Amino acid sequence: MLPSASRERPGYRAGVAAPDLLDPKSAAQNSKPRLSFSTKPTVLASRVESDTTINVMKWKTVSTIFLVVVLYLIIGATVFKALEQPHEISQRTTIVIQKQTFISQHSCVNSTELDELIQQIVAAINAGIIPLGNTSNQISHWDLGSSFFFAGTVITTIGFGNISPRTEGGKIFCIIYALLGIPLFGFLLAGVGDQLGTIFGKGIAKVEDTFIKWNVSQTKIRIISTIIFILFGCVLFVALPAIIFKHIEGWSALDAIYFVVITLTTIGFGDYVAGGSDIEYLDFYKPVVWFWILVGLAYFAAVLSMIGDWLRVISKKTKEEVGEFRAHAAEWTANVTAEFKETRRRLSVEIYDKFQRATSIKRKLSAELAGNHNQELTPCRRTLSVNHLTSERDVLPPLLKTESIYLNGLTPHCAGEEIAVIENIK
């Protein structure tokens, strides 16, 4: 039952249903790919409604995707092994030769003392200290700017790994800080993604309006606007920061782009970190880098959201096309079945008409034959019927069999005349 307010409001027509949001056709018309997270308030449905609307991925589909991911991992492992293992073997051989050369040139140092020194150097590097030159002049990795940058890498889940807490208090605080900060940063990332997507959406809408005036198809407009959005974002959040990092950090162009992509995808290997070199940086350098990470992650979130919307639209269109194909197939089957039934009915009618016509002709011929019998065969003497009296039947002479022919109760000598009459009628 509809509420009374909905029945009484002007312009409401009874019997007109609202568009079905679950219908693939209406969903494909109303849902456009957006460039950000949903800005509409979330409405929690009841348990019954959620059970009917949520589509759970089948185990067969999950297993297929799992196998695809495992295959992708095997391919990646094979490629990385082929590219990186020869370099690793070369470096290992080189360091062994250098150690032997150093010991041979410095007889006062034995191999045990050299190994202990190398272990201390490795521990210092793992702690974030670069043991080169005069370590007393090195900048601390735990000053306010560096600590701010580290806290940012914790809540963004990047975790470069170049520095990490070494004390028990630092580890405990890092655990609590991450559990509280990651959800908080998620809300911030969603809000920034919405605003960034709105800005880009308005720009793309203007571009689409321009192309519409040029009578360009909607599909081409959508493809062109998407390419423009991605290219503009790549220039603003990938190419330009890579140029800046190349200039400040002294990296190559490939290393700078590598750092940008690894950072904005939250992989964060830690082999390249902005502000991690043994040079003097400005105080606001690392906080600015973190804010760039925030906006860049929001951009990537907007791109991923747009791709997800596009995939949903494509899926709905595919379901719609499959539904239309099934409808056409069902319609074709129904038409073929109806045509077959109609053909069978027509054949039955024609056969029945021919049968009726043949029956009518047979009856007519039988009637004519009976009339001719009465006119032409009266001289012949017929045998008595079963209704004749016994006295009358006894008066007649007994019937003689002539080649076993007894036609219409005629005596045998009239059978030849009867056959001749039938031949004349035919």
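Heads up, the Cβ atoms here are built off N, Cα and C, so glycines get one too.
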Among ASN134, ASN215, residue that the record in Swiss-Prot marks as N-linked glycosylation site: ASN134
Site from SER26, SER348, SER360, SER385 that Swiss-Prot describes as phosphoserine, others unannotated there: SER348
Selected residue, Swiss-Prot feature N-linked glycosylation site, from candidates ASN110, ASN335: ASN110
Swiss-Prot annotation of region 'Important for GNG4 binding and L-glutamate release in astrocytes' - which of the ranges 17-38, 391-412 it falls on: 17-38
Feature region 'Important for GNG4 binding and L-glutamate release in astrocytes' in Swiss-Prot, mapped to one of the ranges 51-61, 84-94: 51-61
ILE158, GLY159, ILE267, GLY268 excluded, remaining Cβ within 8 Å of their centroid (K(+) 2): THR153, THR156, THR157, PHE160, GLY161, ILE262, THR263, THR266, PHE269, GLY270
Close approaches to the region 'Selectivity filter 1' (157-162) from elsewhere in its chain (Cβ under 8 angstroms; 6 or more beyond its ends): 128, 182, 263, 266-270, 273, 276, 293
Neighbours of THR157, ILE158, THR266, ILE267 excl. site residues, C-beta within 8 Å of centre, K(+) 1: THR153, THR156, GLY159, THR263, THR265, GLY268
Whole-number Å value for how far ILE158 (K(+) 1 binding site) lies from SER348 (phosphoserine) (Cα to Cα): 80
Arithmetic mean of per-residue pLDDT over the region 'Essential for chloroform and halothane sensitivity' (337-385): 71
Three-class DSSP secondary structure - SER348 (phosphoserine): helix
